[in-house]
Structures are given as structure tokens and as C-alpha cells.
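What follows is a set of notes on a single structure, which appears directly below.
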């Protein structure tokens, strides 16, 4: 028997306004609401109105660029880390686990912390989150930092970035043209992902610098970002101002309410299926980004390096991968609203299936140039799947800001768990396979298939089978 508190919390979520089934399917802004208690796009704020939203959106994009720099550079820096610490694949994979634990902790604490930091004014939450991220980069730039401290630093980066992702998604989803804005926001992440391995590879392989020097860049960006979002989100209210009755309720049982909101999202099928989809997505994305360089540099694969191509050249493959994700999110995300076979629903099937085929090419083609082109196409295809799916997920969650922040935190935590568990077990299986990283490819393909399965199940969880999303 569920407790009365859980029932009440579930009721709070289910009472959040949902999109009308009569929404015009040809309208790209179908996550806006209609008169029956849902959002009307003409009444929504935009990226430029009020004017401060320009700086808010710019700040959110910079947060994503910094996160992308950090996440993508890990793959290029792993060979140097393994050399410095004489660590195995298994031990090195703990950096992914640490970051995932940070996201999971943030999902559990996001609502209580927002409450303690004046929930109706999110500048404090943004400021604290990014100061935590900045502090986490400090031990990484210290030469000879113990590996255990490196793992803890990645945990804190994940904790702070979880706030940024949750509140950034929530902010963009409340604006006009939210599908395109979410695409641009996540393009900013992949832009950082493109630049990260390029800078890291140049510093480590060409400049012969210690791997930790890279994190001076992210440390400086984190401090600047904390100042920008702390200033631009002053007075920002995530949703309508609370009613007088809501204020009284907050005074009476604030902690109980926020913990209920946090954990009630786990009882909502829409959130669970969404979280599992993003779990598989980020598992595939991070496995490719984190291990493909090491796979391509395997010393006994002489056939791969011909025509002057050297193992060092493999360090730049992830640049093409993240460039593909960037271009896909920026230019292809908006096509989902007009895709002829089911709009975003059919579009995601199309993208993920093609990505799986190109991943097979990466696995089977014994030529680095072919591998690099195929990896770039994998990025190009899976890149827009994330913002398209997130648009659909947010559409099903209504316009309650507490519900959205808590639910997106849960989804982000699952995503980061996938981004840790998949590359971690890739390292485990690679050790079992005698240090051979061919195991990354079947793992990645299984995750892409899992995405298709969860995407198929999602309409049933949302209660909209046969009515579209």
C-alpha cells in the first residue's frame, strides 16, 4: 500500500497541465498550450523578450559549452591518465562513475536545495552550482593529484552540471520555439564537445603538456559562467508567481513538499521511460566518445594506419564525432517537427536506426579515414535525437515548473548513469577481453536498440497511443 504522502505527491504531478490532444500537429510549437488550461504560444516569453532573456539564454549556452568541453576531453585525456597513474581500463573508468554519482545525488537534492536557496529566484541555484563546478576543477590542475581525488572532482562536476542541465531545459521549454531553442542549447554542449578533444589532443600530444593543464580552461569558464548566470537570473521566477495559499503551504511543510516532488517523479511512467531512453542515449554517446580513440590506437591493428596516417591521428576522430553532433543538433533538430512519418516520433526512429548502421562501419572497416567519417555520421545522426526526444518529454510533463525541474533532474541522473555504467562496463569487458576494445561496439549497438525499444514504449506510458505525441 502506498503511503498517503506518496499518493499526495503523485496527485501533485498528475495535476500539472498537459497538452491538449487538439493541438495543431503542423505547428512547430506544439509544446505550447491551448485554452483548456494549457500554454498559448503567443503569450509565452521568448529568447529576446524580456530583453534580459538574451543574456540568460547566452549564459545557459555557455554553461553547456563548458560542460561539453569537460565531458568530451576525457576521451582524449584517458591515454595520458592511464600512463600517469599506470591504471587499468577498469580503474580509469571510475571517472565516469564519479560523474554519474554526482548527477544522481543532484537529482535527489535539486528541489530541497532550490528551496533553501530561494526557489522562486533561481540565480542563487545557478550561482552555487557553478561555484561547485569551478571548485571541482581545482584539484585537476594540481600536478600529481591522487586519482581518488580526480574521481571526487568528476563527482562534483556532475553534481553542479546536473543543476545546469535541469534548469536550462526548464527555462528553454517555457519560451517560444522551444524545440529550436532546446536544439541550440544542446548544440552548445556538442560545440564544446567538438572543441574539447581538439584542444586536449593538441596540448597532450603536440605540446607534451600534462593532461591536467586542460582543466585551467574549464576552471576559468566555470568562474565566468557563475558570474554571468548569477547576474542574469536575478529575480527570475520559474513559472507563475505562487498564490497566497501556496505561500502558506510552503511555510507549513516546505521540506516535506519538496522531498515529495523529488521522489514522486519516480512513480510517473512518463518520467521513467524518458529516463531509460536518455540512459541508453548517453550510454552510447559517452561510450563512443570515451573509448573510440583508444580502440583506434590498438597497436596490433596495423592495417588501420596507411598512407601516412598514424595512431596519434586517431586523437582527432572524436573532433569529427562531436562536430557531427553539433551540426546535427543545430541544423537537423528542427526538421523533426515536419518529418513526414510521425513528426518527432518517426524522426527519432529514423535517426537512431541509421546511427546504428554507421556504428557497424566503425567496427568493421579496417581503415582510420573510413572510421573517422563513419564516427562523424554517427554523431550527426544521434545528435538531434536528444533535443527532439526532450521536446516530446517536456510536452508530456505539463507546465508546472516544480514538476519539470524535478523530472528533468531525474532524467538527467539516469542519463549520466548511462554515461557512466556503459563506458565503465566497456572498460571491464575490455580487461576481460585481454585489453581489446572491440567490445565497445556491441555495447553501443545494444544501447541504440534499447533506445528504439523505449521510444516505442513511450506513447503507452504517456497514455497517448494512437493520438500522437
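Backbone N, Cα and C atoms are what each Cβ position is placed from, and that goes for glycine too.
All annotation found in TrEMBL is predicted automatically rather than curated by experts.
Sequence annotations record features per position, and here TrEMBL assigns region 'Disordered' to 1-42. Summarising the annotation, TrEMBL assigns compositional bias 'Polar residues' to 20-35. Positions annotated as domain 'Major facilitator superfamily (MFS) profile' by TrEMBL: 56-462. The feature transmembrane segment is assigned by TrEMBL to 57-78, 90-110, 122-142, 148-167, 179-202, 214-233, 266-293, 313-335, 347-366, 372-393, 405-425, 437-458.
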Message = Using Cβ atoms and a strict cutoff of less than 8 Å, what residues sit near the transmembrane segment (437-458) while being 6 or more residues removed from its termini?
response = 89, 270, 273-274, 276-277, 280-281, 283-284, 287-288, 291-292, 294-295, 298, 345, 348-349, 352-353, 355-356, 359-360, 362-363, 382, 385, 389, 392, 418, 422, 425-426, 429-430, 469
Key: Ranked first among 122-142, 148-167, 179-202, 313-335, 372-393 for CB pairs under 8 angstroms with the transmembrane segment (214-233)   = 122-142
Key: Positions whose Cβ lies under 8 angstroms from the transmembrane segment (266-293), at least six residues beyond its ends   = 6, 9-10, 13-14, 71-72, 74-76, 78-79, 96, 193, 197, 314-315, 317-318, 321-322, 325, 359, 362, 375, 378-379, 382, 385-386, 389, 393, 396-397, 407, 410-423, 426-427, 430, 437, 440, 443-444, 447-448, 450-451, 454-455, 457-458, 461-462
Message = Do any residues, 6 or more residues outside the transmembrane segment (372-393), come within under 8 Å Cβ-to-Cβ of it, and if so which ones?
response = 31, 169, 173, 178-179, 182-183, 185-187, 190, 270, 274, 277-278, 281, 284-285, 288, 292, 316-318, 320-329, 332-333, 335-336, 344-345, 347-348, 351-352, 354-355, 358-359, 361-362, 365, 411, 448, 451, 455, 458, 469
Note = Checking 122-142, 148-167, 179-202, 405-425 against the transmembrane segment (57-78) for Cβ pairs under 8 Å, the most are found for 179-202
Query = Under a criterion of three or more Cβ pairs within a distance under 8 Å and sequence separation of at least 6, are the transmembrane segment (405-425) and the transmembrane segment (148-167) in contact?
reply = yes
Message = Can you give me the average pLDDT across the domain 'Major facilitator superfamily (MFS) profile' (56-462), rounded to a whole number?
response = 81
